[in-house]
Structure formats: C-alpha cells, structure tokens
Amino acid sequence: MEDQMNYYRFSREQWKQFYRNNQHQVPLTAANLHEIEAFNDRISLDDVRDIYMPFAHLLQAKYEHYLSWRETESVFLHRQNRQSPFIIGVSGSVAVGKTTTARLLEILFKYLYPDRRTQLITTDGFLYPNAELKKMQLMERKGFPESYDMTRLIQFLNDVKSGKPLAKAPVYSHQTYDIVPNRFDVITHPDILIIEGINVLQLPSNQAIYISDFTDFSVYVDADADLIEDWYLERFKALMKTAFQDPTNYFYPWAIGDPKDAMAMAERVWEEVNLKNLNDYILPTRNRADLILHKVAHHVIDAVYFRKY
C-alpha cells in the first residue's frame, strides 16, 4: 500500500511505542488466540502487544470522548442522554482476516470495560437467503452490494443506535452457505457494538443512509490482492479436508469429487467473484476507514495507517 496523503503511516516498531503501560496487558495465551482465529488466519501474542494493545488504547480514548460528547449534546438539547452504543466497523476483503480482528477487539473491550456490554455481529446475516438470490438471479453475485438486504440492515443499525432494548440480526451459516431460518443474534442494549463485514464502508447508490453513518470508528484490514488470493485458496484446501467433509456442508460435493476440479472452481470463484468484488466495491472504501491495518506474508501486520482528517 502506497503512502496516502490523508493518513499517518507508522511502522510496526513505531506503532508499538504508543502504548507501553504494562498494567493493562490483557492476560491472553496462545491457546486463547487460537480459539478466536478465523479458519486459516494467524495471530500471535506479539500482534496483541505490538498492534492491538495500542489500537485498543486509542479506541478507549475515542470511546471516552464519545461518552463525554453524548453528555454534552444532551445538555445542549435539553434532552435525556439515552444509551447509544459506540459502534466500531471492521471491513476488508474475504480471507484477509477481518473476522479475527473483530473477535480480538471484542475480547479486548470486554477486558478493558468488564462492567460494560460488548457485542459483535457480522453483516453476513443480512445477505438475502439463497432462495431469494436465486429468484433475483443473483447467486453468482453473492457478496456484491445488491445481494444484501440493506433496508433491513440499516433498520437494524438504527434500532441499535437509537437505544432500543432489543434488536435481532439474522444468522448466516458458512456450513450451509445460507441464512439460518428463524435464528437470530440478539443485541441487547450494548455499550459497544462491533460490526464486521466486507460492506461496512460501502456507499450504495440506492441508499440515502449508509452503514458508516452509524459507526463511530472504522478499521480496514488490508493486504496485497495476490496474498489474499493465496490465503483464500489455502483456506479452501484446508476446508476440503475438514468442514467440507460433512455431508451437510454446501461444498460437500466438491470435497468428495476430484480435488483438481474443486480447486479449479475455487480459483474461478476468486477471479470472477471475490477479486472483482474487492477491486470494484471493497478496496475503493479503504480510504474511508479511520485506521488501516496493513498485512504482509503470513498475516503479519507490518504497518498501521491512521487517518489525519
């Protein structure tokens, strides 16, 4: 990633110097990290110390400022200061590791604010069910902006941000590659909500209100497209030997067939779907993020970009 005019660029060594307070080191172990890693992603205790603890410290400051501003605003408007969650958006390509980043941020906030409710959802649940995608002839466009029920997603975020005591988000299954009928993640008055998905920073032309209108801080997980392709195909190969072996899995027919055919299919999906989606709709949103985590080989974060203005 080239240097951007509106971002400060910090090397890993520079970034880790911004927070050296050992009193707030989260008691995580390598085993804990393994539990939250998305499949085939990698994260280490060094990453937590060098990258995520400074990041969490920054978010802590942003959160405290947010609470202060909410109080100031309510006094000025002569209105009751209703609970409205601090929302963090996490975006990036398929297979880049944004899920792991979101899960780790959830753990860090739960540690830093044990008396506050932190919850995490993904925008996957707001994809249209496969049956509807087929009716709309959009199965080959799954993951593209038009495959999401944006009206429902925006209404959900509005309910949460408005302080409604309960909001329901549909659940997506990577096992069946579809929305799970009548199953929901229940969001109950969170103080902090992390929302993760490829479309968190997008500005759909048919929407007057965007996901980013509800977020108070956003992070984009970035890497070279060739690296992401490698990670995507590595993950697919690994899943062929594990989750895809389950007869109920959507990809089971590929797992029991010719491996060469399966890999050819995965490569086609990368080229025609994921790479196109990245180049046309995801990567152009990168410069809307407040912070960019840049990865190199082996999912190592080598640089952090922080928005100037």
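Going from the start of the chain as shown, residues are counted 1 onward.
Glycine residues also receive a Cβ, built from the backbone N, Cα and C atoms like all the rest.
For G92, S93, V94, A95, V96, G97, K98, T99, the entry in Swiss-Prot reads ATP binding site, with the evidence type sequence analysis.
Taking a C-beta cut-off of under 8 Å and a sequence gap of six or more, S93 (ATP binding site) has these contacts in its own chain: I198, V221, A223, A225, I228, N274, L278, I282, L283. For G92 (ATP binding site), the Cβ neighbour count at a 10 Å cut-off comes to 31, with all displayed protein chains included.
Comparing the binding-site residues V94, A95, V96 on other C-beta atoms within 10 angstroms of each C-beta gives the minimum for V94. With a 10 A radius on its CB, T99 (ATP binding site) counts 22 other CB atoms from all the protein chains. Long-range Cβ proximity for K98 (ATP binding site), meaning a same-chain Cβ under 8 A and a gap of 6 or more residues, is found for V90, S91, G92, E196, G197, I198, V221.
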